[in-house]
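> I have a structure I would like to understand better, so I am pasting it below and will then ask my questions one at a time.
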């Protein structure tokens, strides 16, 4: 009973850390890009990942966590996949209207549900699906304005959705199947994510902004905000892996839409962004959907705890990822994953 309570407290702490750090970095980056004119989002993300790796490397050197080797093929492909998904999301924003980009982000939840249902044999109840539908409708009402379609933008959005869904599912699956913590997986994969974005980021940003990141004039205040953004990003990256590993990719996306609602509210309160009745109605519907999702998930988890043998039988699936089927079979899967 005490172990269950400790696990639940860990989940709550991870969710809170994720929300707080994500909202903070959005506000920081908005000030950096909108107010200070630093538009290089992809390159900035590569710096985030490099700082995250350096921070984790220092922590590992001080024995704050144990480094657990992971198959190199898994780590490299996983890191590249996540790096590519970030670049594709940024390209999707560059080629599409903001409204269509928001639709792309909303589409990640139903695509994740579809992939987990098909490939992982995971079952989602009608109640869960209804709550997710209400959430998506609410966020759509609150955030989607203009929707303009074009062929290249649509292809990029579809690729961004696919890579993001697969990357987040693998973040959860690798941790559980190989019995590694969120910190260990992030430490192993961050260098490869950072490398691909460090190489491609300046080119992507120059293509989207028509500006060169290396020719930008870095004033002290811009440097200050970049450093602050990188510091906050350590918490963002850590909590992302933590939440996905401890809960699920769908729950992480639900949490992401909560952040969207909070960012809209903070933008109105702190930055005096325009706020309409439509925003308010959308946020209220989204919050209602989130509440239902949380309630139904809690009820289903209680049923699983009451019938642990049945839930274990349902959880046994033949997931194969990144060619590691044999390694997965050799690893003992714990009853409770050690992270998030």
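Going from the start of the chain as shown, residues are counted 1 onward.
The backbone N, Cα and C atoms fix where each Cβ goes, and this holds for glycine too.
Predicted automatically and left uncurated, TrEMBL annotations should be read as such.
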> Which is it, of 38-58, 101-121, that TrEMBL names as transmembrane segment?
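The listed stretch tagged transmembrane segment in TrEMBL is 38-58.
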> Choose the correct range: of 15-31, 185-201, which one does TrEMBL annotate as transmembrane segment? Give that range.
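Spelled out, TrEMBL records transmembrane segment over residues 185-201, not the other listed ranges.
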> When TrEMBL marks a stretch as transmembrane segment, which of 155-173, 307-325 is it?
155-173
> Which sequence-distant residues neighbour the transmembrane segment (155-173)? Criterion: at least 6 residues beyond either end, Cβ under 8 Å.
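Hits for the transmembrane segment (155-173): 78, 81-82, 84-85, 88-89, 91-92, 95-96, 100-101, 103-104, 107-108, 111-112, 115-116, 120, 185, 240-241, 244-245, 248-249, 252-253, 319, 321-322.
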> Determine which recorded stretch among 70-93, 132-149, 185-201, 221-243, 280-296 has the most C-beta pairs below 8 angstroms with the transmembrane segment (38-58).
185-201
> Spell out yes or no: are there three or more C-beta pairs under 8 angstroms between the transmembrane segment (185-201) and the transmembrane segment (70-93), with each pair 6 or more apart in sequence?
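Yes, the transmembrane segment (185-201) and the transmembrane segment (70-93) are in contact.
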> At a Cβ cut-off of 8 Å, and with pairs 6 or more apart in sequence only, do we get at least 3 pairs between the transmembrane segment (250-268) and the transmembrane segment (70-93), yes or no?
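They are not in contact.
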> Please give the sequence-distant neighbours of the transmembrane segment (280-296): residues at least 6 beyond its ends with Cβ less than 8 Å from one of its Cβ atoms.
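Residues 125, 127-128, 130-143, 254, 257-258, 261, 264-265.
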